[in-house]
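> One structure is given below, represented as structure tokens, and several questions about it will come after.
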Amino acid sequence: MSQVLLEVGALVLSADAVIPEPGYILWQDGVILAVGRGVYPGPRDQVEVISRPRAVAIPGLVNTHGHAAMTLLRGIGDDLPLQAWLTERIYPTEAKLTGEAVYWGTLLACWEMIQSGTTCFTDMYFFMHDAARAVEESGLRAVLSWGMVGFDEQNRTQGIRNSRSFHAQWHRAAQGRIQVTLGPHAPYTCPPDYLAEVAELSAELGVPIQIHLSETKREVDECIAEHGCTPIRLAERCGLLNRPVLAAHCVHLTEEDIALLHERDVRVAHNPQSNLKLASGVAPVVELLRAGVTVGIGTDGAASNNNLDLFEELRLAATLHKGVRQDATAVTAGEAFTMATSAGARCVFLPDGHGTLNPGAAADIVLLSLDSVHFLPTYDLLSNVVYAAGAGDVTDVFVAGQPLLRQGEPVTLDVERIRHEVRRLEAILGPQA
Ligand SMILES: [Zn+2]
């Protein structure tokens, strides 16, 4: 494939490398070959040129935790205690979902994520063949897992079977944009011997694991009462932490848990908005970062957020811990930006360098309009991106060098069709249906 040259008004290559003046990115076959200030010095005759002089280029954002098709459950039950929310609203509606509904719900999520500057996301849900089809069509990068629960022998066996067939069909599919991982839901839905079985399957298939750990105080208290240890320690005892693990939430942790997460290089998905909305608490992100744990940012499902806008999570991750600790230095703009980009990429086990705009990284690039009010004035470009900019400033999105959003318009998705299908499903899924 030919080389593509993107000319922009400014670049944020990573939190530590900001170029607040015109520059360029050159890529080929989805990989960045060169970046620089000023005008590209090489020959231009064989190169496709995309000119966006009024845009700043940043690495695409990485959403490290979510349940994409839960976009269909957006707003179906709010302001309820967790147990009532789950049993009265979420579970009954999810029971009505079909593979076809998950396909359209995942496309809706892809549309929302593309428009808000996300280039890679994680998903743990069901009917995952349909979800993967949606990802393939959208052009996004994704790390997908079929959610597994172990209440009885039948769903244990089914979970293993689903994960095996999903892995066989979709791992490294869509030109390598899809990675398959295993998704045991949580220690309170998967008994210890089942978690051990999943750890063995993860070693056999050579894929990482994603799981919810220590989301609520109740979960931790019940785990201690039943198993005599915290969910983090239980995961370790089951052999899970011998494998690469991405743990979502980690809100209620002991010092020993944090040390163990660091020792086993467990990656943590911080979901500030979901944890606030479901009244779960605030994760000890400062302690995790100080301990050297890799922390990324996630939206969680749209039913507990209620959107998939990672710019909101980015700003919340940068401000929430300041307020809680009464310390304005708690999480800096640079630390939050790293969580949303390169640390996020590490959380989802993408190759080193991913989540930056450095040569060798995937050409997953987001452009924000420098003409937006959020970039006036611009004393510190990274500050504008983290504390002022938002999804509405996103103009262009590239994944593996392919355009998914061009000057505000989705390229890969038929959004009128998605709108129509979701309206149809709404009538079937809603509480009055
Ligand atoms: Zn979740």
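From the backbone N, Cα and C atoms, a Cβ is placed for every residue, glycine too.
All TrEMBL annotations are machine predictions without curation.
Annotated domain 'Amidohydrolase-related' per TrEMBL: 57-402, in sequence order. According to TrEMBL, the feature Zn(2+) binding site maps to His65, His67, His212, Asp300. Per TrEMBL, substrate binding site is recorded for Glu94, His185, Glu215, Asp300.
On this model, are these features tucked inside or out on the surface, and what's nearby?
Applying an 8 A CB threshold to same-chain residues 6+ apart, the list for His65 (Zn(2+) binding site) reads Thr122, Gln210, Leu246, Ala248, His249, Ala269, Asn271, Gly296, Gly298, Thr299, Asp300.
The Cβ of Glu215 (substrate binding site) has 26 other Cβ atoms within 10 Å, all protein chains considered.
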> Between Glu215 (substrate binding site) and His67 (Zn(2+) binding site), how far is it from one CA atom to the other, in Å?
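Distance (Cα to Cα, whole Å): 15 Å.
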> Which whole-number value in Å describes the distance between the Cα atoms of His67 (Zn(2+) binding site) and Glu94 (substrate binding site)?
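Cα-Cα, rounded: 12 Å.
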> Just the binding-site residues from Glu94, His185, Glu215, Asp300 whose C-beta lies under 6 Å from any atom of ligand 1, please, or none if there are none.
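Once distances to ligand 1 are taken from each Cβ, Asp300 fall under 6 Å.
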> Determine, to the nearest whole angstrom, how far the Cα atom of Glu94 (substrate binding site) is from the Cα atom of His212 (Zn(2+) binding site).
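Between the Cα atoms of Glu94 (substrate binding site) and His212 (Zn(2+) binding site), the distance comes to 19 Å.
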> By a simple count, how many Cβ atoms lie within 10 Å of the Cβ of His67 (Zn(2+) binding site), its own Cβ left out?
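So the number of other Cβ atoms within 10 Å of His67 (Zn(2+) binding site) is 25.
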> About how far apart, in whole Å, are the alpha carbons (Cα) of His212 (Zn(2+) binding site) and His185 (substrate binding site)?
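Spelling it out, the Cα of His212 (Zn(2+) binding site) and the Cα of His185 (substrate binding site) are 6 Å apart.
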